[in-house]
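A.B. asks: Handing you this structure, nothing more for now.
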Amino acid sequence: MSDIIYIEGREILDSRGNPTVEVEVQLSDFSYGRACVPSGASTGEYEALEMRDGDKSRYMGKGVLKAVDQVNTVIAEELDGADALDQAEIDNMLINLDGTENKSKLGANAMLGVSMAVARAAADSLGLPLYRYLGGVHAMQMPVPMANIINGGRHSDNKIDFQEYMIMPVGAPSIREGIRMTAEVFHALKDILKKEGHVTAVGDEGGFAPNIENVQALDYIMKAIEKAGYKPGKDVVIALDCASSELFDAGDRKGYKFWKSEPSKILNADEMVDLFKDWISKYPIVSIEDPLDQNDWEGYAKMTKELGNQIQIVGDDFFVTNTKRLARGIEEGACNSILIKLNQIGTVTETIDAVRMAQKAGYTAVISHRSGETEDAFIADLAVALETGQIKTGSMSRSDRIAKYNQLMRIEDELGYNARYAGMATFANLIKK
């Protein structure tokens, strides 16, 4: 039997030293699952709500004992005896129990911890790896890493305004080789930065955080790709996460304020798009995430019309893994890709629904970590299960990021000759005929 007989939540720490929720689930056949919930630094306005204690005497108000209590009382009682093999029903029970649009009653962190742990317990009950349980027999595509090697924005204390400068090893034959290529570029970049007198300390997601200009970050990445022995645009391409909602100033001088590098500089949406056009013409940039503010539907539709057949335009804060917002984006032609973060929506089933909706509409989907991570590698299995072809899970440092890469290599080894690496083909459906 796969009935739930035991659920326990606890407070643990994430990679930034902030509290987060861990949940354990045991089934009547002694199967077991455990999951840890990630947390973001720059969060979208429309994300599901994390429940925090607000008690300034503990962890500066960031404790999660209230969320843990919800797991151990209300949720545990509701799910007692429920069939763990019916993930959709389990998640529906959680959604109904919460009863709010943004998961504010139970907390998305409490709900997600339970949802993920139940999925792991169910996979254990069937004797299946998590990716096979969630994805079925056809889950064999390995994702291309989107590795953050230079940090800016709210992820660092330097003067780079945009949050993430990433590389993607699209020319690799396998995930293992792609990870090797990424690591080699990462170490080449470190050598270059060190020789030019820059600090090589790393940010929240393991990338370097040198105190350089926005465009200089691209120049350094190009040099690092070449120093590692690869060809920019063929072997390795560049992706950006601008996190532009963090730059948007809705005050008297409405626009995008480059508050770290040039506080007096404010661009409107058209000028932001012109900046990206210039960069795309000079650098092998294939993907830009959150290039505009999360409420600028008109701007996103216009940018997608102009650039959507050249690059991947990814909605993160714009879509927040929410099918309602995604459906509107599809209808209005805004973006051509969605970033997928489990804790933005709060359950495994809703996450899967968002990916399937995107794929059906011809959008790509990128499975993503958060800046506050743990050793949990659930998203590695999820990326393979849903055959998204892309995963964004940090740089080649910090064990909380490396845990995901190591899990991907294990999965590829397990799949053997059946494993397929997405490579540049992951962008094929974006090219309009």
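Glycine too: its Cβ is placed from the backbone N, Cα and C atoms.
Reproduced below are the annotations present in Swiss-Prot:
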- GLU205: active site, proton donor (ACT_SITE)
- LYS341: active site, proton acceptor (ACT_SITE)
- GLN163, LYS341, ARG370, SER371, LYS392: (2R)-2-phosphoglycerate binding site (BINDING)
- ASP241, GLU289, ASP316: Mg(2+) binding site (BINDING)
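I'd like to know what surrounds each of these features in this structure.
C.D. replies: Secondary structure from DSSP puts GLU205 (active site, proton donor) in coil.
For LYS341 (active site, proton acceptor), the same-chain residues that are 6 or more apart in sequence and have a Cβ closer than 8 Å to its Cβ are PRO38, GLY40, ASP316, VAL320, THR321, SER368, HIS369, ARG370.
DSSP gives ARG370 ((2R)-2-phosphoglycerate binding site) a coil state; it is part of no helix or strand.
Neighbours of GLU289 (Mg(2+) binding site), defined as other CB atoms within 10 A of its CB across all chains, total 29.
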A.B. asks: Looking at the binding-site residues GLN163, SER371, which one has the fewest other Cβ atoms within 10 Å of its own Cβ?
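C.D. replies: Selected from the binding-site residues GLN163, SER371 on minimum Cβ neighbours within 10 Å: SER371.
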A.B. asks: Work through the binding-site residues one by one (ARG370, LYS392) and point out the residue whose CB has the fewest other CB atoms within 10 angstroms.
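C.D. replies: Candidates: the binding-site residues ARG370, LYS392. Fewest Cβ atoms within 10 Å: ARG370.
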A.B. asks: Using a 10 Å cut-off, grab the number of neighbouring Cβ atoms around the Cβ of ASP316 (Mg(2+) binding site), all chains included.
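C.D. replies: Other Cβ atoms found within 10 Å: 29.
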A.B. asks: Starting from the Cβ of ASP241 (Mg(2+) binding site), draw a 10 Å sphere and report how many other Cβ atoms land inside it.
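C.D. replies: 29, counting other Cβ atoms within 10 Å of ASP241 (Mg(2+) binding site).
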A.B. asks: Report the largest Cα to Cα distance, in Å and rounded to a whole number, among the residues GLN163, LYS341, ARG370, SER371, LYS392 that the record lists as binding (2R)-2-phosphoglycerate.
C.D. replies: 17
A.B. asks: Which one is it: of the recorded positions GLU205, ASP241, GLU289, whose Cα lies the shortest distance from the Cα of GLN163 ((2R)-2-phosphoglycerate binding site)?
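C.D. replies: For GLN163 ((2R)-2-phosphoglycerate binding site), the spatially nearest of the recorded positions is ASP241.
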